[in-house]
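**Q** Here it is: the structure, laid out below.
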Amino acid sequence: MSAIAPGMILIAYLCGSISSAILVCRLCGLPDPRTSGSGNPGATNVLRIGGKGAAVAVLIFDVLKGMLPVWGAYELGVSPFWLGLIAIAACLGHIWPVFFGFKGGKGVATAFGAIAPIGWDLTGVMAGTWLLTVLLSGYSSLGAIVSALIAPFYVWWFKPQFTFPVSMLSCLILLRHHDNIQRLWRRQETKIWTKFKRKREKDPE
C-alpha cells in the first residue's frame, strides 16, 4: 500500500492548503485574519476578530483537513512512516498554503486532526491537555506548546510505532510558535479572552 502514499502526501498538502480562516472571514464579511488581530489565519485569531461561530467553523474545518487524509491512508493500510509524512504534509499545507501565497497559520488544529486517527483515547488525552492548559493559563498558544511537548510521550504510551512521526509534527508546531514562546517569556502574550473582557467593560449591561 506504500505505492499510493506519495499521492496521498500530495492530496494531504492540497487539503491543508485550503485556509478555512481566510474563506470563513470572506464569507462572513470579516477582516482578513492575515492583517487583523494577531495576523495568524487560525481559529484563535478568528475568535478575536469574528466571534465564536466563525471560530468554531474554522476549527472544525482545520481539524478535518488534517484528519481525513490520514484517516483514509490509515484505512488503506499505509505504514506508520508514510502516515507520518501524510500528516506532516497536511500541516505544511496549512502553514504554507499554495492557494494563499504560502502564508498560513500555525497548524495546531490540523496537527490535532492528523493525530486523531491513531486512536480516540490519545485524542481525548491531547484535547484534555490543551483545554486544561488554556483554562489554567488563559493562553491558547501555551496550550498548543504544552500539547506539542507532551504529544510524543502520549503517543509512545498508546501507540509507540507512531512516536517518530508525531515527534516530527511536534517539532514543526514548536518552530511555528517561536514568536509566542518569546512573548510568553516576556509576559507580552495576549490571553484568549482579553478581547471579551474589554468588550464587557465598554458595553456594561
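Here the Cβ of each residue, glycine as well, is placed from N, Cα and C on the backbone.
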**Q** Would you confirm whether, in Swiss-Prot, N45 and L174 belong to the same side of the membrane?
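**A** Result: yes, N45 and L174 share a side in Swiss-Prot.
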**Q** So if I exclude everything within five residues of the ends of the transmembrane segment (53-73), which remaining residues of that chain have a CB under 8 angstroms from its CBs? That is, six or more out.
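**A** Residues packing against the transmembrane segment (53-73) from afar: 4-5, 8, 11-12, 15-16, 18, 20-21, 24-25, 28, 30, 42-44, 46-47, 82-83, 86-87, 89-91, 93-94, 105, 109-117.
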**Q** Same chain, outside the topological domain 'Periplasmic' (133-137) by at least 6, Cβ under 8 Å from its Cβ: which residues?
**A** 143, 146-147, 191-192
